[in-house]
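What Swiss-Prot annotates here:
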BINDING   39-46, 48-49, 63-65, 69-70, 95-96  FAD binding site
BINDING   S52, H137, F157, Y158, T159, G160  NAD(+) binding site
Amino acid sequence: MTETAGELDPEVTPLHLRKALGRFASGVTIVTTAECEDEDSVHGMTANAFTSVSLDPPLVLVSISTRAKMDTKIRETGTYGISILAGDQEPVSLHFAGAAHEPDRVRFVWRRGVPLLEGALVHLACTVVASHPAGDHTLHVGRVEQLWYDDGHPLVFYTGSFRSLELLGRDEPWGF
């Protein structure tokens, strides 16, 4: 095995782990929840620690820092939404990451009482079925109660930067 980024560090520090895991390209999601169907009650945050868990039953998982307000909000509401962002939604991602950039206007679509971002490629409205402590994060497992998806190119995050996704090979799905 050759090393290109430097020598092996025998100590696994949070910074080194973050840098290593940042080399795993991921989609970008906005996790949302609300106390009621009112845009003033919406709480959202950018997250890329999201994964599918099971197709039957339909389960997904999002990992939220225990220091984040979102962790408490999800526990209080028992629901959350996942909006998988399209390639042109970097300003929205920055907004929900707490950056100074403000998108022109954030609009929501409500599905099963859960706010989801207009213009996203995918909407998943979830009910929390389990929450597991995991170090400095909580793993919130959600049952997908309703979904919606569209075609388009996703927003991708790699090594701390947003990227575009270029298709390689044929532009045909694998049968799904």
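Each residue, glycine too, has its Cβ placed from N, Cα and C.
Overlay of Swiss-Prot feature records on the structure.
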residue : record              : contacts (Cβ under 8 Å, 6+ apart)
E39     : FAD binding site    : F108, P115
V42     : FAD binding site    : T32, T33, A34, F108, P115
A49     : FAD binding site    : V62, S63, I64, H137
S52     : NAD(+) binding site : L59, V60, L61
S65     : FAD binding site    : D71, D136, H137
F157    : NAD(+) binding site : A25, S26, G27, V28, N48, R163
Y158    : NAD(+) binding site : G22, R23, A25, S26
T159    : NAD(+) binding site : G22, R23
G160    : NAD(+) binding site : G22
For M45 (FAD binding site), the number of other Cβ atoms found within 10 Å of its own Cβ: 20
NAD(+) binding residues S52, H137, F157, Y158, T159, G160: largest Cα-Cα distance, in Å and rounded to whole number: 23
S52 (NAD(+) binding site) in three-state DSSP notation: strand
For H137 (NAD(+) binding site), the number of other Cβ atoms found within 10 Å of its own Cβ: 17
